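Data block below; observations after.
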Amino acid sequence: MDTISDVMKHCVPINYDDYDPLPADHFSTYPVFCSKATAEAIEASAEFTRKWKRACEVDGLHQDKLSFQACTTHLGHYNQWAYPDCVPERVSLNAVLSDCAFFWDGMSPVTGRSANVMITSPVDVSDSISAEKMNELTQDFGIAMLSELQSGRRIEPKFEINKMAVQVIRDFIAVDPFTGIGHLKEWKGHLDAQKKSTHNNMSWEKYVEHRVNESGGNWGISVGCWTNDIRISDEEKESVKYLTQLACAGGILGNDYYSFPKEFDEHHRSGTLDRIQNGVALLMREYGYTEEEAKEIIKKEVIIREKKWMDGFNAWSRQAGPETGEIRRYLVMTMALMSGSMFWMSHAGRYHRTDLATTAEDRATLIGKSRGALRVLEGYPPPKNLEGIVREPLASAVQDDNGHVQHEDAVADSSVRNGVHDAFKKSNPRNGKQNGTEGSKGTFTNGGYVQPAKLQQHCTSINSMAIYTAPFQEAAGDICDAPYGYIDSLPSKKNRNKLLDLLNDWLQVPPSSLKRIKNIVHMLHNSSLMLDDIEDASALRRGQPATHTFYGISQTINSANYIYVHVVDEVTRLYNPECINIFVDELRNLHRGQSLDLYWRHHARCPSMEEYIVMVDNKTGGLFRLMLRLLTAESSISRPFDTALSRLLTLTGRYYQIRDDYLNLASADYESKKGFCEDFDEGKFSLPLIHLLSHTRYPDRITSALFNRKPGTNLPYEMKRYILAEMEEVQTLAYSQDVLKYLHEELMHALDEAENRLGANDGVRMMLLGMGPKLLLC
């Protein structure tokens, strides 16, 4: 069995005697390796830094502290430890890529984004720029890079730093297109994941899970595949994902350990302390630990994961055959990335600044600043100083009308998690006081349902007859809100809100109307998902249990319908009275589209492609049309409904649905969130299934397997594999890819037409380019 050192070809184990002084704060237990080509990396970084400074001057950007953000330290270069086994001919370009990523991140304004080991690390506020300027830079870079990648159309960026960054990516892909494209896919996935959630009011376990999913770990690993020239399939990566995720978790928590003072300082200066996303901060805020206690916990958690990784790797090695050599290199590279990053962070100026404006006393103000009662961290003693701290009580469990267990704390906390809906409730004068306050309504608390004070006056004894003649009392909304609050708390990319903002660049809707339209679309979308999951018998939604698995079918339906009432109320508050007619019109279309889907499934009737498109335009396209029509109705500029924009949104709805159909069968990430080929379990007539039934020699076999099952049972795994094999034989997935490529080209043509009529919209262009099939299908 090869040892870890045997796998390394271009590096040697670190000699701690070579480092003076030795980093005092280094605690990782992983072995650390050092590249034999350190000088080349340092030289390449120095030259790139000089060019970047000149480009910043040309662009008028304030970047006078690059020395704190660069990869080079007084002991060496980040890459010599993080990517020690980089093949010699790629060392210089890899050094440039790392510096480019750090410098770019250094300009980002502090808005609550994550700080990551491999790509986005803490930055100095004095070097950051405004959100508006950063948005302009990002769009300039994104359009140039994605246009070239998706369509081969080369567009030179306007900013000098973007010209440098785009050239780095071009060189990166040119050296190795296979791993280069894979790297870009992971980079985009990392950026998408960062948009999904913040970490306020989150448990430690959930925090670690979220950080692994949203951090730059997979991005850094994909760079490692490029640096080390590792050729590994997605299936092989998936087979050892449990080990790479374990390594990433340790590295991410290590980053939290080293970066906390820096991150706190950034957020304190920018007034965003409520959005700091760091494990030390979470343990202080949600669990009441001091900074020292929290850092000790983080350190233990890192070491635990490192030991588990080493044990897991050794166990895997004992049973791995000679054909797994590339997987072994992949795993060792991942471990080296984490160990090298930890060594670098233990002494890099980026994490050990002496010019912070805040102190340990300032950071201590986070202790106990949770939104509710403090949590208890399993496996660790409570904070030493518990004076004045209220521990979170254990939630009592109740059963709903369908016998499903639900926790009362989930109900009581729903308004905390539900940002959009909670904002609506606060602005609605028809709603009474909530969550334990006395008013005309009852409340649902950890002690159970509490009667309103007025009603209690009529019920002085259990045998009182007064309750039968008491005045009307409006019931509390907590129980009705709870299922919606749950689905609204799940991670989401918020793409519809983003699209609304981008369309508004054309339509110029007043801020108050735009906010209401966002609420309308958001609530309508989530309520439709609650109903869809019931109608499709889906067990998962966004990688978490579907709403009805917690709250039961009856309560979930009631909550979804209750949200429709809220949506109608919001629509009536828009300025243009025509908005209610628009809403009714598109809601009618949405339900008609859904009825087609359900009808075909119930009667096992395969629709034609033309019928499928009609269903998509009504069901999926309904929300897109609703967005556009409401924006147009509320627009502050006199402009008729634009047909070019309407076509753009129609094609966008089709692309979303067909992409979803394809990913359901072909994406490992989708499988983790919804299950393996879930559309087969639902009996859904997706585009791939319609194509298969139109081309296979044995359509009856497929329909018999799909529709002659015991209700409520999933299609057996072997049958799913059979259907996928049949799709392979008739090239169904290849056809789906061709449709997506064609549809995306038409989308971009429709955007060109819309821009010719309405003016350029870089935000919409970047968003649509980012959805393109090149990254999706690679």
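Glycine is treated like the rest: Cβ placed from N, Cα and C.
Since the structure is predicted, the reported quantities are computational estimates derived from the model, not experimental observations.
What Swiss-Prot annotates here:
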type	residues	note
REGION	4-359	region 'Sesterterpenoid synthase'
BINDING	ASP105	Mg(2+) 1 binding site
BINDING	ASP105, ASN255	substrate binding site
REGION	211-214	region 'Substrate'
REGION	259-263	region 'Substrate'
REGION	360-774	region 'Geranylfarneyl diphosphate synthase'
REGION	423-445	region 'Disordered'
BINDING	LYS493, ARG496, HIS525, ARG542	isopentenyl diphosphate binding site
Response to the item:
Rounded to a whole number of Å, the separation of the Cα atoms of ARG496 (isopentenyl diphosphate binding site) and ASP105 (Mg(2+) 1 binding site) comes to 25
Item to complete: If we count other C-beta atoms within 10 Å, could you say which of the binding-site residues ASP105, LYS493 has the fewest?
Response: LYS493
Practice prompt. Give the three-state DSSP assignment (helix, strand or coil) for the residue listed as 'Mg(2+) 1 binding site'.
Written response: helix
Response to the item:
Given the isopentenyl diphosphate site LYS493, ARG496, HIS525, ARG542, its other Cβ neighbours within 8 Å of the Cβ centroid, in chain order, are SER492, LYS494, ASN495, ASN526
Worksheet item: What does DSSP call ARG542 (isopentenyl diphosphate binding site) in the simple three-state scheme?
Response: coil
Worksheet item: How many Å separate the Cα atoms of ASP105 (Mg(2+) 1 binding site) and HIS525 (isopentenyl diphosphate binding site)?
Response: 33
Item to complete: Specify the secondary structure state of LYS493 (isopentenyl diphosphate binding site) as given by DSSP, simplified to three classes.
Response: coil
Discussion item. Of the binding-site residues LYS493, HIS525, ARG542, which one has its Cα closest to the Cα of ASN255 (substrate binding site)?
Written reply: LYS493
Item to complete: Compare all C-alpha positions of LYS493, ARG496, HIS525, ARG542, the record's isopentenyl diphosphate binders, and send over the largest distance in angstrom.
Response: 16
Practice prompt. Have a look around ASN255 (substrate binding site) and count the other CB atoms within 10 A of its CB, chains all included.
Written response: 31
Item to complete: With an 8 Å cut-off on Cβ-Cβ distance and a minimum sequence separation of at least 6, pull the same-chain contacts of HIS525 (isopentenyl diphosphate binding site), or say none.
Response: ARG496, LEU623
Worksheet, complete the sentence: binding-site residues considered: ARG496, ARG542; fewest surrounding Cβ atoms within 10 Å belongs to ARG542
Worksheet item: Across the region 'Substrate' (211-214), what does the pLDDT come to on average, as a whole number?
Response: 78
Worksheet item: What does DSSP give as the helix, strand and coil breakdown of the region 'Substrate' (259-263)?
Response: 5 helix, 0 strand, 0 coil
